Amino acid sequence: MELDPLILSRIQFAFVVSFHAIFPVFTIGLASYIAVLEGLAFKTRNPVWTKLSGFWTKVFAVVFGMGVVSGIVMSFQFGTNWSAFSQASANFLGPILSYEVITAFFLEAAFLGVLLFGRDKVPAGVHLFAAIMVATGTFISSFWILAANSWMQTPAGFELRDGIFHVVSWSDAIFNPSFPFRFMHMALASFLTGGFVVAGVSAWYLLRGREVEANRKALSMCLWLLLIIAPAQLVVGDFHGLNTMEHQPVKVAAMEGNWETSRNVPLLLFAIPDQENQTNHFEIGIPSLASLILTHEWDGEVPGLNEVAVEEQPPVAIVFWSFRVMVGLGMLMILFAITGLVLRSGGRLYKARWYLQGLRFMSIAPFFAVLTGWFVTEVGRAPWLVYGLMTQAESVTPSLTGGMALFTLIGYILVYAAVFSAGVYYLMRVLYVGLEDADDEEHASDRPARPLSAAHVPFEIESGQSGVHQAKPMNDGGH
Amino acid sequence: MELFDLALIWAFIIGFGIIMYVLMDGFDLGVGLLFPFAPSEDDRDTMMNSVAPVWDGNETWLVLGGAGLLAAFPMVYTIVLPALYIGVFLLLAGLIFRGVAFEFRFKARTSRYLWNWSFAGGSTIAAFAQGAVVGAYIQGFNTVDGVYVGGALDWLTPFTILTGLGMLAGYALLGSTWLIMKTEGHLQAWAYRITTPLLIAVLVVFGIISVWTPFVDDTVRERWFSNLSVIWILPAVTLLCAFQIWRSVRNRFEGMPFVATMGLFITTYLGLVVSKWPYVVPPNYTLWDAASAYESQLFLLLGLLFVIPIVLVYTAWTYWVFRGKVRAGEGYH
């Protein structure tokens, strides 16, 4: 079989970008949470907030470090594998991506060091200010990245001359039609991720009876947040979908598994899309509901995949199922947020062990929701890279051979497997050691060192240490 | 209306970024190269401590360079990266491994030897790949209509292998002179001992490269020999720097060897620049051919003019905070 550099490059990009995405989506949410904790600590002078902030800042440092490492790879992917695309779109994407890098550096240079290492060295107000700036900076970073991505989805503000995009309006290009919705959707996704991770970890500590006061506070505030954010995400997602239907109807058709433009389209709960025969198998659906959701009318017309030639359709099954996983996880998140409220009003929030166990597992749900969401929007754009203007096949590096692409694909998988399993393992160690370690940080070093060094947890489990923090498990559960 | 030659300004900015990167990441990569040969494990701790607070700031110049090239000279980005496809992967893999080694080695105990290898191996691969990039640039790229049309391993030739080795020797020299400046006692004595042989290695390899280069590139040959000009000042100064390194090592000066090594790198770099100017994708494309649209260069320049001074001040401050000797056991953790 001939190795196809296009397919392999797509797999490689999907792999490295998915790996990268999970880190920033977490750090963006977590940075805001830390800023809130710092604010509370500053206002109330309650040491519990300081303790929580110190612990989550360490987690932030490790995840941020992994995000930076995986981000370095991203900045070269456009050139190595998608040089034709880079050449065509450099006038816009070059400055936009550079601004992201600049933002990140500026943030790191000016404020990250103060946040990570400055607690006892700068006035409390300055430390709070640094926390707020770091949180703001992560949003500005995502602003640029999402502007670049949204422009590829709904290009605007440009002129195409000799196959090269020239920017005629920076504001139109940056604030292109899908940008506001994508940015909001992603911002809420970051909050959901941060919220569910903190909630899940706090629940785990509570199950083990560790640092009960602090972790109850953390869990409680997270659940309040999620109670607002999780349903809000549903609304924003709906708006994002409507925007997509306006600008990329074929993507919506793939999300709904709708092969023909028609009215009274059912919402499919299950189906096996069959691209070859342009139909679905084993459909289970709710009549007319897709029409209602997308057009807000029972008999509204929903675009079908037949609007475009078969070769211009995205891979329907991936988009269809990714969308269902994302929405399903979103619904589960809403359910957990509401259950939290019910338990709280009954005064059973910290005693319902089954709920705390559930939250533990929910801490990974947002990551899958974010990844499947990106699969929907990225795979759903196929075969286009710049929607309607430049296909993926036109974008790939002309000199790239299948063998070269396969070599680096395997290479990246091996490198990431080694490096990030070490990173995730270490993160687990930091979580395992927990808040109790907060006191012995800040020893020595008045050095503005690097993110990861904010955590002092040893790499290996040391003998005798493993049982230290296993305080007696909570024994009042269920009463 | 185009008031300024922005392409020229950008060429200066990126050129500045490159030499900043080479000098700064050069010495910490060099420390990585020397790592396996250190007298003891405690010395390895000290060596790593001497660069730990600054290495990631050093590497920011690389990322900035990558993004800046896409924005300002997309043709360089879209020809050179495909041409060096395999090399770029090796470079990134090397940098990742040594980067995480910085973080985890200090936290590791039984698995420490793994991070030692990760640090030394990653540094070596990254340094060699960077040298090969320089060689590939001197060789030039096989292009048609602004698109790379050569093969996967065109960049790997005897000439680029030599430039790769040259970079290894050069970075090792930067590393050893850095250690002379930053350490004391028997580690410093070791650094003094290896500096002179490293200097000889650098001179030999750089010498062979210099003699070889005019045969690789006709433009360079013409420029060097057609008018016996000011260009020859640069190799003269390079030799002066080399002499200064040798002399200051013999007199046991502590800071001068490093400064003179930086001088050696800068003059070599300037020699390369004036030899190839104004070609950024040899042999066909100049910096003006490779430039992006005027409004795009302008748009980014505004932000960069604001941020670069801040990054420079922060960098200078970091080095100031960590001035002086790094002592054994006075760990970074």
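Along the chain as shown, residues are numbered 1 onward.
Cβ coordinates come from backbone N, Cα and C, glycine included.
TrEMBL does not curate its annotations; it predicts them automatically.
For reference, TrEMBL has these:
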TRANSMEM  B:6-39  transmembrane segment
TRANSMEM  B:83-101  transmembrane segment
TRANSMEM  B:113-138  transmembrane segment
TRANSMEM  B:158-180  transmembrane segment
TRANSMEM  B:192-212  transmembrane segment
TRANSMEM  B:224-246  transmembrane segment
TRANSMEM  B:258-279  transmembrane segment
TRANSMEM  B:299-322  transmembrane segment
Handout entry: Stretch of maximal Cβ-Cβ contact with the transmembrane segment (B:258-279) [cut-off: under 8 Å; candidates B:6-39, B:113-138, B:224-246, B:299-322]
Key = B:224-246
Practice task
State, in range form, which of B:6-39, B:113-138, B:192-212, B:299-322 has the highest count of Cβ pairs under 8 Å to the transmembrane segment (B:158-180).
Solution key: B:113-138
Completion exercise
Tertiary contacts of the transmembrane segment (B:192-212), defined by C-beta under 8 angstroms and 6+ residue spacing from its ends, are 34, 37, 135, 159, 162-163, 165-166, 169-170, 172-173, 176-177, 180, 235, 238, 242, 245-246, 249, 252, 257, 264, 268
Exercise for the section: For the transmembrane segment (B:224-246), could you work out the same-chain residues 6 or more beyond its ends whose Cβ comes under 8 Å from its Cβ atoms? Expected result: 173, 177, 195-196, 199, 202-203, 206, 210, 214, 256-257, 260-261, 263-264, 267-268, 270-271, 274-275
Exercise for the section: Report, as numbers and ranges, which residues of the same chain sit near the transmembrane segment (B:6-39): CB under 8 Å and 6 or more residues beyond its ends. Expected result: 47-48, 50-51, 54-55, 57-59, 61-62, 64-65, 68-69, 72-73, 98, 116, 119-120, 122-124, 126-127, 130, 168, 170-179, 186-187, 190, 194, 258, 262, 265-266, 269, 273, 278, 280, 287-288, 291, 294, 297-298, 301, 304, 308
